[in-house]
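Asker: Residues or ranges marked as signal peptide in TrEMBL: 1-22. Positions annotated as transmembrane segment by TrEMBL: 110-133, 145-167, 173-197, 227-249, 335-352, 359-386, 398-419, 453-471, 483-506.
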Amino acid sequence: MEKWSLMAITVLLALTVRWAVSLGSYSGAGKPPMYGDYEAQRHWQEITYNLPVRQWYFNTSDNNLLYWGLDYPPLTAYHSFVCAYVAKLINPDWVALHTSRGYESQPHKLFMRTTVFVADLLVYIPAVILYCFSLKETSAKKKASTCALCILLYPGLILIDHGHFQYPLSLGLALWAVLCLSHDWDLLGSVAFCLALNYKQMELYHSLPFFCYLLGKCFKKGLKGKGLVLLAKLAGTVLLSFAACWLPFGTDVEQIMQVLRRLFPIDRGLFEACMFSSPTHCPDKVANIWCSLSVLIKIKNVISPRTQLKLSFAVTFLSLLPACIKLTVQPSLRGLKFALVSCALSFFLFSFQVHEKSILLVSVPVCLIINEIPFMATWFLLVSTFSLLPLLLKDGLLLPYAVTTPAFLAVCLASFSILDKTSAEDLQLKAFSLSLKGYVSWFKSFPRIVRSLFLLSLALMGALSVLSAAVPPPQRLPDLFPVAVAVVSCLHFLLFLVYFNVVILWDSRNRGQKKMS
């Protein structure tokens, strides 16, 4: 009973923080004509409730795709319809066709915030709790709740979901998939991930690790016996899951093609979400390699859109290849978690049309390994939250950012004593350090160097946060601070990508047991 009491207190604290953040502003509040992501979610409820399914993804007189047209997979549309049904019962004006555009009121805000709370309570938070209880190292009653507290207080996800406005369903479903695989429920895990992918196409960031892990498991069982049977079952499960999600659209090829065009608008070019057309103007500030390079080299003017697509695909594929090969050859749950981090980070840094919020697709897998490498995980999660700063400032979320980020650091310091866990062994780099023995003399000073870099990183992020919030930028460089945040974050992420790949490639342990490591 004691462990459940501790977990209940943890969840109550996490919900209290979410509630406090939700009291503030949201994306696009009072900013016509497009408003923001809050209005996008409301508009999808309006469209899905009032129009037949065949019109949801098509441009019509009742569905102007230029005004927050639906561009997520069918499961998002179905979720919007369910929310709209409830909204219609409370106040029909909230989802009235055409006349509800830009609708803003305190009761409606309460309703919309409540829908996010419900999604959190039904999907994401239970997955976190069960995951922490399943961790091998958390046999002590206190440890599971401590790990859950750190994960549930990660500020990036809280600020985006309950501040900016977004639903945590795809990430929660992906977490359920990992949880199922940890118990050898491979078919259930496949269903959970298919649902995640059919809620948001950005779950493609996680698709290769899941595929490689399950394929490697089939290889390990033998493709002439049990492995072939498992492969057939997995293939059938995936096909049935997709068929169920796409059933209303499956009767018409043109319907399917239109949905796919909405999900993958490749004609917009590489910089659809990070349009650094010049060093002095950048509507969206994404901490990936293309946006950072465009501060110096105007990639849009040098490379054609078609070449941009090929280049981003090639670099992304090459960067995630080592982790995927290792996971296929040596499938393990530990390897899966690290590969989810590495592959998602490769997609974020190098892929096509990246949004700044996509860093959450890396951060949630990092949360899964916070018990294994608490120092590096905490550092990464702080940087990922910092990379969202320009978006948070635009949404009026400076105060929640300034409170939740130091609070998260304090909780991690108290829970894991992260500053004391900077040795090569603590950072999972012992095998790598042994391979460099005799070549790198400074490895003896490694813990001190890492701690110094961490403190320097915190100071730099703190300084840029204060400057961004309090100091007007030079008139000639209005986006100086957002660009600085993006570039500094990108440099951090590149180093983290190298680190995670080193851990993956030099790890000889293959922990395929039922319990998670």
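From the backbone N, Cα and C atoms, a Cβ is placed for every residue, glycine too.
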Asker: Could you give the residue numbers and ranges of same-chain residues that sit at least 6 residues beyond the transmembrane segment (398-419) on either side and whose C-beta is under 8 angstroms from one of its C-beta atoms?
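Answerer: Same-chain residues near the transmembrane segment (398-419) but 6 or more away: 17, 20-21, 24, 146-147, 149-150, 153-155, 158-159, 163, 370-371, 374-375, 378, 381-382, 385-386, 389, 392, 451, 454, 458, 465, 469.
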Asker: Taking a Cβ cut-off under 8 Å, which residues six or more beyond the ends of the transmembrane segment (359-386) line up next to it in the same chain?
Answerer: 128, 131, 135, 137-138, 143, 147, 150-151, 154-157, 159-160, 171, 174-175, 178, 202-203, 205-206, 287, 334, 337-338, 340-341, 344-345, 347-348, 401, 405, 408-409, 412, 415-416, 418-419, 421-422, 426-428, 450, 454, 457-458, 461, 464-465, 485, 489, 492-493, 496, 499, 503, 517
Asker: Cβ under 8 Å to the transmembrane segment (173-197), counting only same-chain residues 6 or more beyond its ends: which ones?
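Answerer: Distant Cβ neighbours of the transmembrane segment (173-197) are 73, 75, 123-124, 127-128, 130-131, 134, 203-204, 206-207, 210, 213-214, 217, 230, 233-234, 237-238, 241-242, 245, 333, 336-337, 340, 364, 368, 514-516.
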Asker: So what's near the transmembrane segment (110-133) in sequence-distant terms, Cβ-Cβ under 8 Å and 6+ beyond its ends?
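Answerer: Apart from its flanks, the transmembrane segment (110-133) reaches 3, 7, 11, 14-15, 18-19, 22, 38, 41-42, 83, 86-87, 90, 94, 144-145, 147-148, 151-152, 161-162, 165-169, 171-173, 175-176, 178-179, 182, 367-368, 516.
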Asker: Would you kindly list the residues that approach the transmembrane segment (453-471) from elsewhere in its chain, counting only those six or more residues past its ends and only Cβ-Cβ distances under 8 Å?
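Answerer: Distant Cβ neighbours of the transmembrane segment (453-471) are 375, 379, 382-383, 386, 389-390, 393, 398, 401-402, 409, 419, 422, 481-482, 484-485, 488, 492.
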Asker: What parts of the chain pack near the signal peptide (1-22), using Cβ distances under 8 Å and only residues at least 6 beyond its ends?
Answerer: 113, 116-117, 120-121, 125, 129, 132-133, 141-142, 144-145, 148-149, 152-153, 158-159, 161-163, 397, 400, 404
Asker: Can you name the far-off residues of the same chain, 6+ from the ends of the transmembrane segment (483-506), with a Cβ under 8 Å from a Cβ of it?
Answerer: 276, 279, 282, 285-289, 291-292, 295, 319, 322-323, 326-327, 335, 338-339, 341-342, 345-346, 348-349, 373, 376, 380, 383-384, 386-387, 389-390, 427-429, 431-432, 435, 457, 460-461, 464, 468
Asker: State the residues, same chain only, that lie 6 or more residues beyond the ends of the transmembrane segment (335-352) and have a CB under 8 A from a CB inside it; answer 'none' if no residue qualifies.
Answerer: 178, 181, 204-206, 208-210, 212-213, 266, 270, 288-290, 308-309, 312-313, 315-316, 319-320, 323-324, 326-327, 358-359, 361-362, 365-366, 368-369, 490, 493-494, 496-497, 500-501, 503-504, 507, 510-511, 516
